[in-house]
Amino acid sequence: MILNSSTEDGIKRIQDDCPKAGRHNYIFIMIPTLYSIIFVVGIFGNSLVVIVIYFYMKLKTVASVFLLNLALADLCFLLTLPLWAVYTAMEYRWPFGNYLCKIASASVSFNLYASVFLLTCLSIDRYLAIVHPMKSRLRRTMLVAKVTCIIIWLLAGLASLPTIIHRNVFFIENTNITVCAFHYESQNSTLPVGLGLTKNILGFLFPFLIILTSYTLIWKTLKKAYEIQKNKPRKDDIFKIILAIVLFFFFSWVPHQIFTFMDVLIQLGLIRDCKIEDIVDTAMPITICLAYFNNCLNPLFYGFLGKKFKKYFLQLLKYIPPKAKSHSNLSTKMSTLSYRPSENGNSSTKKPAPCIEVE
């Protein structure tokens with residue numbers, strides 16, 4: 001917990017009554033190394049995703065719009081990652097000034113909300129494409145997808161405004177270091193509680209429930225299709241993919257959300273045990289690595305569910321340029337069905353059930 005604040009030379013001076021919390025030599029070595037790996041892999045992977053979707057696939061489907069924006073949001077975050085690597089390697093000493101502190105912190109917050117919102121919209125799009133293919137044709141347009149992405153970027157920016165306002169550079173007097181951090185006055189609990197609950201609920205709980213519901217309904221629809229076509233072999237890999245998508249999202253973000261909430265309790269003074277604070281401050285950067293590394297892999301993960309994405313991705317790696325006139329589209333592995341149950345749940349029994357194809 002931080003207390004006893006004063007201002008001098010434009011930098012707020014504060015006291016930290018748990019100055020050793022989270023400060024371990026292995027953290028100062030391991031975390032910058034992980035950040036560096038995430039930076040290299042993320043920049044390389046997401047840049048290739050942008051090139052494949054925009055230049056090879058020509059951005060012709062709703063899913064491709066969401067994946068392109070997902071990759072762009074990740075790239076915005078990744079560009080600030082070297083700052084955090086240096087910050088951690090310097091034992092949490094921030095040398096870049098107040099403006100970069102705000103920008104880098106806002107980038108982290110922005111990526112969290114933008115990525116989660118885009119993944120949620122992608123799950124809704126898959127639900128509409130598979131469960132309600134006929135009814136959703138007028139809704140699943142490129143214009144709607146682009147407008148949705150604009151709204152998502154605006155909402156993510158709005159959700160990041162408190163970070164820009166309240167994240168600052170502070171000088172901790174009893175450790176003689178300058179940090180980039182949030183600082184809450186103990187008598188004002190509205191701000192930290194609001195930020196923490198917003199991150200937990202808007203940044204995880206609601207999106208996870210929507211994603212879980214969407215893919216559960218997709219699961220049921222595909223299962224019903226396989227039951228009708230009893231003479232066709234069931235492709236269990238589709239169901240494994242659905243399960244992997246839900247579990248991938250859940251386990252990527254749950255640890256970070258838990259320790260974020262505990263950190264808010266510490267800032268409010270509700271947790272005053274330095275041992276617990278040490279656990280939280282030590283675990284926080286590790287959960288950040290887990291969450292954001294998986295986040296940066298999402299465009300590749302979702303993209304490789306489509307056969308055409310894999311085809312063009314390999315072409316790019318072989319330096320094969322895109323064709324001048326391309327009519328390719330992005331279809332995730334669950335987006336195209338040659339057989340679809342009718343919207344009211346009834347299916348014709350006069351004709352043999354056609355083969356189900358999932359790309």
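Our numbering is plain: 1 for the first residue shown, then up by one each step along the chain.
Backbone N, Cα and C define each Cβ position, glycine as well.
Keep in mind it's a predicted model, so treat the numbers as computed, not measured.
Sequence annotations record features per position, and here Swiss-Prot assigns disulfide bond to CYS18-CYS274, CYS101-CYS180. Feature annotation from Swiss-Prot assigns N-linked glycosylation site to ASN4, ASN176, ASN188. Here Swiss-Prot flags 1-25, 90-98, 166-190, 269-278 as topological domain 'Extracellular', drawing on similarity to another entry. Taken from Swiss-Prot, the feature topological domain 'Cytoplasmic' applies to 56-61, 126-141, 217-239, 305-359. Among the features that Swiss-Prot reports, transmembrane segment is placed at 26-55, 62-89, 99-125, 142-165, 191-216, 240-268, 279-304, with the record citing similarity to another entry.
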- Task: Please list residues from the chain of CYS101 (disulfide bond) whose Cβ is under 8 angstroms from its Cβ, counting only those at least six apart in sequence.
- Result: TRP94, ARG167, ASN168, VAL169, CYS180
- Message: On a simple 10 Å Cβ count over all chains shown, which one of the disulfide-bonded residues CYS18, CYS180, CYS274 is most densely packed?
- Response: CYS180
- Message: Please determine whether the transmembrane segment (62-89) and the transmembrane segment (279-304) are in contact (criterion: at least three Cβ-Cβ distances under 8 Å, sequence separation 6 or more).
- Response: yes
- Item | For ASN176 (N-linked glycosylation site): intrachain residues, at least 6 apart, with Cβ closer than 8 Å | none
- Message: At a C-beta cut-off of under 8 Å, are there same-chain residues at least 6 beyond the transmembrane segment (240-268) that contact it? List them, or none.
- Response: 1-2, 116, 119, 123, 182, 184, 186, 189, 192-193, 195-196, 199-200, 203-204, 208, 211-212, 215, 218-219, 222, 276-277, 280-281, 283-284, 286-288, 290-291, 294-295, 301, 305, 333-334
- Recorded stretch, among 26-55, 99-125, 142-165, 191-216, maximising Cβ pairs under 8 Å relative to the transmembrane segment (279-304): 26-55
- Note on the structure: DSSP says ASN176 (N-linked glycosylation site), in three-state terms, is coil
- Task: Would you mind giving the whole-number mean pLDDT across the topological domain 'Cytoplasmic' (217-239)?
- Result: 72
- Query: When DSSP states are grouped into helix, strand and coil, how many residues of the topological domain 'Extracellular' (269-278) land in each?
  - Reply: 5 helix, 0 strand, 5 coil
